[in-house]
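Working notes, structure below.
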């Protein structure tokens, strides 16, 4: 569905300064996949997506999307892809239903088919009661659902979502995702999204591509990334002030590594945190070591990012010079300086 | 709940969109034009908002003209009196203020994301500009008709054929100026406040150097020279001639040249700008 090879994109900010937003991204996405591009603001996610959707041309490299080259045949790519950008696709002075019909006409539906398709989508995305409302009068969540509806008018086989749930409250996010996943299941759609929400990438995507400084630094399922790159961690303390006897027990746990013993505290990576704790406690009782506290931490994608880059995703957001750091402002082009 | 996938005419829309070339372009222009006209159709009253400035000049400047210069009717103002001289100029002013501001609509769609949405569709890039520019004719014609109808009771004499040709001339000019306004919007999209700075800086000199408000014959020589390179001056003269029932004179011809050149330049510049508007 997507075959990108060594894509790069530079932005010339001034005569002396060029920003290398994307520095060589190669990515293959098969039909039916649900892939999240995850990374801090300014990592190059949106720039990559804008190249794949023909909005901007790559500085170098090639990409085939839905069977067509993005530079040589942008028109054909556009015909086959759906796209929901960071902003609102519907014009604020337009009415919801009209915008859907216009999209239908653009993709070649006749008047009647466009009307029927608009009505189906309005029903499907719970917008039927708002069909004749002006877009400016819709709430953020309603507008976002309309954006998704507009991206689906021509039933594309490939849908791009650029930060689909930025600025939505948790309830609206969940609601939006429910719709997206249902549409995907019904139409066997390939979905590619960018996000800087860890939990969104973790829970929704079947494959997570982590992007940092314009490059892909990891690419796998969330579970595999976490197991491979972060792993479960346990933190235990002893009642006294010498944790060394406990550390010896921890060291015998399956998959134990990176053990740190400091004062009364022992910290280590293990293969399976929740299973390791009871085993450790049993061993501690047998060895007459008194355990004070015990915790098992299961890794998040943030731990994965930390392992890969040495900084957490949140720190990365703050250091980015171009980051606007306002998730509410969905109109900010986050990857373009 | 409806099952979207089942009812989705999945391969149909893609297959149906096969027309390319001039016919495809025409179709795309039609789609963009229809979309642009929708807010106007839902809210026809909005036509009036675009003509506040001309109405102010008509209501507050017109009477002053009549009072202070009315006695000269038959000399500088021609045979029809001050209104016959001033109303056609007000129509051009409507075009000037209304269509030069229309780029702000596009700027707004840049900010919200609606323009980006259009750019990822298969619509041809030129149609995004041409459809928008053509739309300018509709509110402009509506505004012109309102002004003419309002002024008839005040003694404005209507020559129907000339007036219709005058509206057509105005529409052509409006398409050109609208296209230039969109071009400006595209050029300043990353510093959008620049749009109004440039627009305001340009329209007032253009207006004063067109002889719209006061006859340039009474001004110094350099102003008359400057007005010779102002397309608006030719347009104002042509509109005055047309609304006086004079259809085939050289003045009218020069008005058409000015309007057509404005339209050609505007559309060329605009289409080029539109092609780069995604960057």
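Keep in mind that glycine also has a Cβ here, set from the backbone N, Cα and C atoms.
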Notebook entry, point to check: According to TrEMBL, which listed range is transmembrane segment: B:17-38, B:193-214?
Noted result: B:193-214
Next item on the list: Using a Cβ-Cβ cut-off of under 8 Å, list the residues of the same chain that are 6+ residues beyond the ends of the transmembrane segment (B:162-186) and lie near it.
Entry: 88, 91-92, 95-96, 98-104, 106-107, 110, 129-130, 132-137, 140-141, 144-145, 148, 195, 198-199, 235, 238-239, 241-247, 252, 255-256, 258-267, 269-270, 273-274, 276-277
Check: Mind checking which residues reach the transmembrane segment (B:193-214)? Cβ under 8 Å, same chain, six or more beyond either end.
Finding: 57, 61, 65, 89, 92-93, 96-97, 100-101, 103-104, 107, 181, 184-185, 223, 226-227, 230, 232-233, 235-237
